[in-house]
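Quick look at what Swiss-Prot annotates:
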- Thr230, Ala231, Glu232, Glu284, Ser384: L-serine binding site (BINDING)
- Arg261, Ser262, Glu263, Glu348, Ile349, Ser350, Ser351: ATP binding site (BINDING)
Amino acid sequence: MLDIKRIRTDFEAVAEKLATRGVDAAVLNEMKEIDAKRRNILIKVETLKAERNTVSAEIAQAKRNKENTDDKIAAMQNLSAEVKALDAELAEIDAKLTEFTTTLPNIPADSVPVGADXXXNVEVRRWGTPREFDFEPKAHWDLGEDLGILDWERGGKVTGARFLFYKGLGARLERAIYNFMLDEHGKEGYTEVITPYIVNHDSMFGTGQYPKFKEDTFELSDTNFVLIPTAEVPLTNYYRDEILDGKDLPIYFTAMSPSFRSEAGSAGRDTRGLIRLHQFHKVEMVKFAKPEESYEELEKMTANAENILQKLNLPYRVVALSTGDMGFSATKTYDLEVWIPAQNNYREISSCSNTEDFQARRAQIRYRDEADGKVKLLHTLNGSGLAVGRTVAAILENYQNEDGSVTIPEALRPYMGGAEVIKP
């Protein structure tokens with residue numbers, strides 16, 4: 001959530017920044033007018049209350065003097081009626097301002113490339129060289145079916161489109177991947193957490209999914225509960241409405257969880273395979289940091305995600321997202337895109353973002369600065385470390401052999417009971 005004080009004091013700069021995220025200037029101008037009206041009403045209310053207090057004191061004095069107070073009582077009643085009417089108007093204005101501040105996206109950092117969409121993203125670096133095959137590489141969905149480890153047909157029968165069963169060494173591979181990821185993040189100082197997979201609406205508001213993106217989630221009807229779209233939600237809200245000790249920052253959390261997404265608006269996109277599912281496993285990284293340290297922590301988090309891909313020897317690139325392509329809560333985002341041979345393309349496998357104090361303001365997560373004793377909003381960061389299903393897809397395609405088998409990456413073999421190859 002944006003700081004209304006920053007919008008007031010630096011309106012032109014904020015408007016210019018948000019314009020790069022597709023926010024119409026008319027929206028901010030309307031918000032500015034409503035905010036000015038609110039402040040004028042507050043002044044009127046305070047003036048009327050002061051007058052009412054004066055009249056009240058005059059009534060008390062008149063009664064002590066046994067004087068007639070009818071006119072003064074009538075005047076006080078009129079003042080009270082005016083205050084009540086203005087308070088009602090103020091409540092309506094506050095609701096409107098809240099609607100603005102909770103649905104406007106975060107302000108992009110100065111270092112973020114300016115652009116309307118993915119076409120303006122900037123590649124930062126690449127790692128690894130895509131393998132040259134001496135045969136036509138298969139898509140991971142065909143490999144998975146031929147190996148008998150991925151079953152979309154029965155997933156569709158049991159549930160519907162974009163669901164599947166992992167079987168045998170496919171299930172073992174999925175489990176090996178996320179255990180490997182959690183172990184690697186643990187070495188980097190992350191505390192492993194098992195979170196609730198259902199959260200309440202306040203938690204969804206805290207991280208920015210609600211109210212703007214309700215259509216992308218699976219709500220439990222007639223309840224206050226939602227299936228989590230990412231472990232970012234419960235991990236970040238772990239400290240909601242709390243004041244942390246500054247000397248304990250930064251704090252690192254990691255968790256593996258299922259993620260549930262309706263994929264509204266994704267009709268026709270990635271209809272086959274593991275790239276876009278309604279339910280998938282993901283290992284998440286979340287950080288709580290002091291403002292002056294958060295961008296250094298973003299670089300470290302991105303490196304933590306890269307470490308997984310490097311140890312799996314999967315070629316990838318790091319991309320800085322443009323202002324128009326970033327997520328709602330982010331001030332800066334790096335995407336990691338892994339090489340998918342059958343698509344001859346890099347595909348997203350991780351997003352690492354700094355939200356600065358955007359989520360912390362919504363969730364009221366603060367810290368007491370040990371330097372001056374003041375309570376301040378901290379910065380929150382989140383990143384995929386990594387999307388597990390997409391990692392399965394990348395391994396199947398990059399490690400496939402001409403006979404249809406798939407070699408298991410060396411880093412995963414201790415997690416696979418010593419298995420080295422998945423054979424038809």
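Placement of Cβ uses the backbone N, Cα and C atoms for every residue, glycine included.
On the backbone, the CA of Ala231 (L-serine binding site) and the CA of Arg261 (ATP binding site) stand 12 Å apart.
In the three-state DSSP reading, Glu232 (L-serine binding site) counts as helix.
In this structure, Glu263 is the one among the binding-site residues Glu232, Glu263, Glu284, Glu348 with the smallest number of other Cβ atoms inside 10 Å of its Cβ. Residue annotation for ATP gives Arg261, Ser262, Glu263, Glu348, Ile349, Ser350, Ser351. The furthest Cα pair among them is separated by 19 Å.
A gap of 17 Å separates the Cα atoms of Ser262 (ATP binding site) and Glu232 (L-serine binding site).
Ser350 (ATP binding site) sits 5 Å from Ser384 (L-serine binding site), taking the CA atoms of both as reference points. Here Ser351 (ATP binding site) comes close to Leu321, Gly327, Thr333, Tyr334, Asp335, Leu336, Gly383, Ser384: these same-chain residues lie at least six apart in sequence, with C-beta atoms under 8 angstroms from its C-beta. Neighbours of the L-serine site: apart from Thr230, Ala231, Glu232, Glu284, Ser384, residues of the same chain with C-beta atoms within 8 angstroms of the site's C-beta centroid are Val233, Leu235, Ala255, Ser257, Ser259, Lys282, Val283, Met285, Val286, Asn382, Gly383. Secondary structure at Ser384 (L-serine binding site), taken from DSSP and collapsed to helix, strand or coil, is strand. Of the listed binding-site residues Ser262, Ser350, Ser384, the Cβ environment within 10 Å is emptiest of other Cβ atoms at Ser262. Closest in space to Glu263 (ATP binding site), of the binding-site residues given as Thr230, Glu232, Glu284, is Thr230, taking the CA atom of each residue. Checking each of the binding-site residues Arg261, Glu348, Ile349 against Glu284 (L-serine binding site) by C-alpha distance, the shortest gap belongs to Ile349. Around the Cβ of Thr230 (L-serine binding site), the same chain contributes Ser257, Ser259, Lys282, Glu284, Asn382, each under 8 angstroms and 6 or more positions distant in sequence. The DSSP secondary structure for Glu263 (ATP binding site) is coil. Contacts of Ile349 (ATP binding site) defined by a Cβ separation under 8 A and a same-chain sequence distance of 6+ are given as Leu309, Tyr316, Leu336, Glu337, Val338, Ser384, Leu386, Ala387, Arg390, Thr391, Ala394, in order along the sequence.
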